[in-house]
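Report on the following structure.
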Amino acid sequence: MGIIILLISISLVIAVGFLLSFLWSMKSGQFDDTYSPSVRMLFEDKPEPEHQPEPESQPESANDEKK
Amino acid sequence: MTTSVAESVVCFHCGEPCEDITWLSDKPFCCEGCKTVFEILSANNLCTYYQLDGQAGTSLKNARTGSYAYLDAPEVRQKLLSFDSPDLSRIMFHVPAVHCISCIWLLENLRKLNPGVIKAEVSFGLKTVAIAFDPRQVKLSELASLLAAVGYAPVIALDDGQDTVTKSASGRTLVYKLAIAGFCFGNIMLFSFPEYLGLDQHDGSLKSIFSWLNLALSVPVFFYSASEYFVSAFRSFRQKQINIDVPIAAGLVALFLRSTFDILSGTGPGYLDSFTGLVFFLLIGRWFQGKTYESLAFDRDFKSYFPLAVNRLVDHVWKPAIIYDLKKGDILKIRNMEIVPADSILKDHDALFDYSFVTGEAKPIKIKKGERVYAGGRLIGQPATLTVEKITSQSHLTSLWNNETFRKTEERQYQKIIDRSARKFTWIVIALANVTAGVWYVLAPHQMWLVLTSVLMVACPCALALAAPFTFGSMLRVFGKHGLYLKNADVIERLAAIDAVVFDKTGTVTYGREPVVEFTGDLTGLEREAIKILTAASTHPLSMIISRSIHAAHTHDLSNFKERPGKGVQGVIAGKFIKVGSAEFVGFYEKLDPQASVVFVSVDEEVRGYFTITVKIRPQLKNMLARLGKKCVALLSGDNNADKASMQKVFQPFVTLLFNQDPHDKLAFIQNLQQDGKKVMMVGDGLNDSGALKQSNVGLAISDDSGIFTPACDGILDGTQLNNLDKFLDLARYSSIILKIAFSISFFYNAIALSFAVTGHLTPLVAAILMPVSSISVVGFSTLAVNFVARRKLVRALT
């Protein structure tokens, strides 16, 4: 009997803890954008190359073409 | 004219087919803009952009280049920046072009392009980029120009900010309420099970502990999660209108008070699991229905179309000034393609103004020196100075927004189906409660209150309240998947009642704003180039269309240029005497189809052929219009009637075709239809349709690019989906049928529950089973039915 009350109070405290952490995460905006963070973590910074690859051939069409 | 379109070659940057290719290294680009972006990115070692998502860029072919200099004006900065200090500033830019992983990657690596940027963070859903930068190193205008240069031109509006904040804040509150209700519901269920499964008599103390815990857990649900139902019910009482929230609030109060009474008096475990479950389900419904397309704006007015700032002469210096600060008598300088922000007088020279933006008529109008230019006109040609006559808020164009149409609230005109049913339902419940109370008063007076609260409890139309959100909410998502983005779920209900559809022409029935130019006859490459050079020199609209349609290098010079108003242009290029203009002007005397715009060409006085300029009508539109049948009532165009013949081919013979309609005419036309008892849907795209869009029962704006400005409307329809318009209307009608079936299911459950209640057999267990079962079956039915119908109608049609 006593043990049930103890267990219930422990479980309630834990559950309330999770509820509060959810409310906090909501408040801090973690659910505002669910897409960008998922791809952001996959981006990597490439090391700067030693030499800049220069475009070799010049454009064939004339540059003064206007739309 | 046969332009050689190499279909296999697509732009390395934007992935659009290249018409005339510009090569860099071995990579093809469709235009200089795309090439420039590539150059910027490759110079800064940012070519990962192209590896993440092939051809991720946005085409810069139609990009408008504007100056962002006004952003540096202190009052503009102050309005836009969310944080400002000497060494750190923060700003949130709305960037509609964000559409893929590469976009996120590039924008977040902005610091590599400009060292002044400290951090940039993209929010994909909202299509915004939040930038922290060092104002000593980079000016706000430079930042905006940088974004524009890489193809992510920010959309800047001074009064945008607060709107999105409140929207997301109210969404968040709902989630808090939902979370708390769900948490309490779950725990209360857990603590109620022992009671249902049968606690022994000697566990009495345990029983009361559970009951007290339940009561404690239900308090936040009653006072926080369910609060809006009480507020709404109270408000509807005060307005003497019964909405669905009244019986819900009555039921919730009855449940809570009765349970509290039971627990306090120790007579029973109460119905708290039913109570919290009810609130939880109701809030889920509200949340489901509340889906909005955050990145789309449905309530733009004319201000969004106007520039934010113009150059104003202050003490003999041109300084950028915000248009709201303009005063009568200010002197402004407007450049080519800029919009006049206020009614003003043209000061220095005659100029052409394009009012298509206001009236829909694409042909520019010539304004003489000293004449009045109305706000909204776009200057074509040389920069002009103007004196402000009336401030923006009093201008001719703005007067349209002062029309009462723009002040009405939509709720007033439309009585929602859910509220109509709720009213009947409420009266039935009140009558039933009274009769039951009367009968029990006679039979067993001490039981009367218990039975009466039971009746109110089970009469709570939870399933009824869930039917609409889930039916319309599912339909909203289905529509969204197929390119119709509605402002909210209520629009579907109005869509179902539509019996008259009115179309705008330019940009709606026709594809985009660019007409199709075809050449009949023979021309050499050099002659084509010559015609391009010649027509480029003229500001006549047909000349500009032809010039844009020819893709050729510009390697020769023009001499002896002469423009003969109303006739054509002539000039000498590479030794050839070229004339472009009317039949008479070039000496062509055969009869041609008089409806299309035709421009003739002669080289060295020899007629070589003619350009036919026709508008491009959206494909399969005719089939859709045929399916719409009598519902399609009219076509309202701001243009002249040059396209009448081609429109007659597309539209059914009974459709009214009206041309030269200004925004006020369009609005009046819709009003007349409505006075005849029609429920009108307006399909349009421009600012000139905005009055009609707002007046109509459902206003749909057509957009070929979700980043582009759409006027205030109830929904945005992807241009490619216009041929499904009739199916969307059908689906909207089906959803009201589904809703009605869902209503009857919920009434059926209510009847069963009431039969328990009036006979006094409503135990907590019965309530705990009946309520969730009814809710779930209604939700399940409406969601499945909507998706089934949508699949039958739309998916099959599309494949």
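Heads up, the Cβ atoms here are built off N, Cα and C, so glycines get one too.
Automated prediction, rather than curation, is the source of TrEMBL annotations.
Record features (TrEMBL):
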type     : residues  : note
DOMAIN   : B:89-155  : domain 'HMA'
TRANSMEM : B:174-197 : transmembrane segment
TRANSMEM : B:209-230 : transmembrane segment
TRANSMEM : B:242-259 : transmembrane segment
TRANSMEM : B:271-288 : transmembrane segment
TRANSMEM : B:425-443 : transmembrane segment
TRANSMEM : B:449-472 : transmembrane segment
TRANSMEM : B:737-759 : transmembrane segment
TRANSMEM : B:765-790 : transmembrane segment
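Just going by CB pairs under 8 A, the stretch in B:174-197, B:242-259, B:425-443, B:737-759, B:765-790 that sits most against the transmembrane segment (B:449-472) is B:737-759. Within its own chain, the transmembrane segment (B:737-759) is flanked in space by residues 417, 421, 432, 436, 451, 454-455, 457-459, 461, 463-464, 466-468, 470-472, 766-767, 770-771, 773-774, 777-778, 781-782, 785-786, 789, which lie at least six positions past its ends and keep a Cβ under 8 Å from the stretch.
Long-range Cβ contacts of the transmembrane segment (B:209-230) within its own chain (Cβ-Cβ under 8 Å, at least 6 residues beyond either end) map to 177-178, 180-181, 184-185, 187-188, 191-192, 194-195, 245, 248-249, 252-253, 256, 259-260, 263, 269-270, 272-273, 275-276, 279-280, 282-283. The list of residues near the transmembrane segment (B:765-790) in space but at least 6 beyond its ends in sequence, with Cβ under 8 angstroms from a Cβ of it, reads 192, 196, 271, 273-274, 277-278, 281, 285, 457-458, 462-464, 466-467, 470-471, 474-475, 478, 731, 734-735, 738-739, 741-742, 745-746, 749-750, 752-753, 756. Sequence-distant contacts of the transmembrane segment (B:425-443) (same chain, six or more residues past either end, CB-CB distance under 8 Å): 242, 246-247, 250, 451-452, 455-456, 459, 461, 464, 754, 757-758, 760. Helix, strand and coil counts from DSSP across the domain 'HMA' (B:89-155) read 22 helix, 20 strand, 25 coil. When pLDDT is averaged over the domain 'HMA' (B:89-155), the result is 83.
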